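Below: the structure, in structure tokens.
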Ligand SMILES: NC(=O)c1ccc[n+]([C@@H]2O[C@H](COP(=O)([O-])OP(=O)(O)OC[C@H]3O[C@@H](n4cnc5c(N)ncnc54)[C@H](OP(=O)(O)O)[C@@H]3O)[C@@H](O)[C@H]2O)c1
């Protein structure tokens with residue numbers, strides 16, 4: 001076998017997502033049978049084609065799963081008051097159960113301010129400080145979608161996490177930080193010894209090299225290379241950077257020759273993130289209906 005051959009077991013996200021969608025479909029059917037049409041509202045500010053594409057994809061999936069998907073499209077020059085008013089209107093609409101403000105928003109607006117404006121009871125991304133605080137306290141809440149998707153992906157593919165050394169590269173609020181909290185929780189699919197490394201840790205590779213599972217959550221293409229991982233370790237690529245429509249993952253392709261299991265460069269964490277969005281949405285609709 002040539003030295004560069006891929007030896008790692010692939011960990012695709014699609015079958016994980018399909019399993020979650022099947023569960024969500026049943027829960028939507030139960031809600032509809034009881035007279036509630038679950039609704040995931042989306043807000044898009046501006047005309048970024050990639051963001052518009054994500055919204056279309058989410059609306060299509062919403063329709064397939066039986067959700068209503070009311071949409072608010074604000075112009076690129078919308079003010080913070082316009083955005084706040086749009087969110088307030090959705091917050092106040094009892095037919096809307098979940099609200100997603102598509103990221104990124106134009107630079108003159110503040111995404112954190114928009115997130116804070118969303119009613120935590122409709123926080124489908126699980127990124128409102130109330131949701132993150134509940135996650136930290138171990139209370140039920142919508143869990144940020146990409147971290148939840150990674151936990152589900154590892155469980156689905158029978159990668160042992162409990163009792164193992166997990167190193168998360170990156171401490172960002174959407175991925176690394178909540179993921180570290182999640183995988184350290186007392187639960188069969190978590191229960192790990194989690195270490196978080198970041199740009200403040202010189203030679204972070206001394207941590208990743210001893211890990212059973214390394215999760216890249218940075219957004220610097222190719223930052224995780226084969227020499228940073230232990231042969232046979234599991235590698236999950238969460239971080240990506242987009243250059244136009246080109247997706248550049250954190251995980252260097254050559255990691256496939258060293259890892260024991262690895263997410264594919266395309267179709268790994270992404271599909272599970274979308275699935276978790278709808279799992280959060282149906283849970284919020286259930287919560288609103290049977291608080
Ligand atoms: N696949 C998906 O569906 C999905 C969903 C959400 C996010 N993501 C991706 O996940 C990545 C992280 O997202 P985020 O919002 O958490 O990002 P973020 O807030 O920008 O955090 C990035 C983290 O990476 C660390 N970092 C940056 N350069 C580094 C370096 N050279 N060495 C070590 N650490 C470094 C930063 O360290 P400091 O804290 O020290 O600055 C920070 O903790 C992004 O690529 C994002 O696109 C993907």
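Quick reminder: no glycine exception, Cβ is built from N, Cα and C everywhere.
According to TrEMBL, the protein carries these features:
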type    : residues           : note
DOMAIN  : 12-125             : domain 'Tetrahydrofolate dehydrogenase/cyclohydrolase catalytic'
DOMAIN  : 144-287            : domain 'Tetrahydrofolate dehydrogenase/cyclohydrolase NAD(P)-binding'
BINDING : 170, 171, 172, 240 : NADP(+) binding site
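Helix, strand and coil counts under DSSP for the domain 'Tetrahydrofolate dehydrogenase/cyclohydrolase NAD(P)-binding' (144-287) come to 51 helix, 30 strand, 63 coil. Break the domain 'Tetrahydrofolate dehydrogenase/cyclohydrolase catalytic' (12-125) down by DSSP state and the numbers are 59 helix, 17 strand, 38 coil. The candidate set comprises the binding-site residues 170, 172. Of these, 170 has the most other Cβ atoms within 10 Å.
Residue environment of residue 240 (NADP(+) binding site) contains 21 other Cβ atoms, counted within 10 Å of its Cβ in all protein chains. Considering only the residues assigned to NADP(+) binding, 170, 171, 172, 240, the longest pairwise Cα distance works out to 14 Å. Counting every protein chain shown, the number of other Cβ atoms lying within 10 Å of the Cβ of residue 171 (NADP(+) binding site) is 19.
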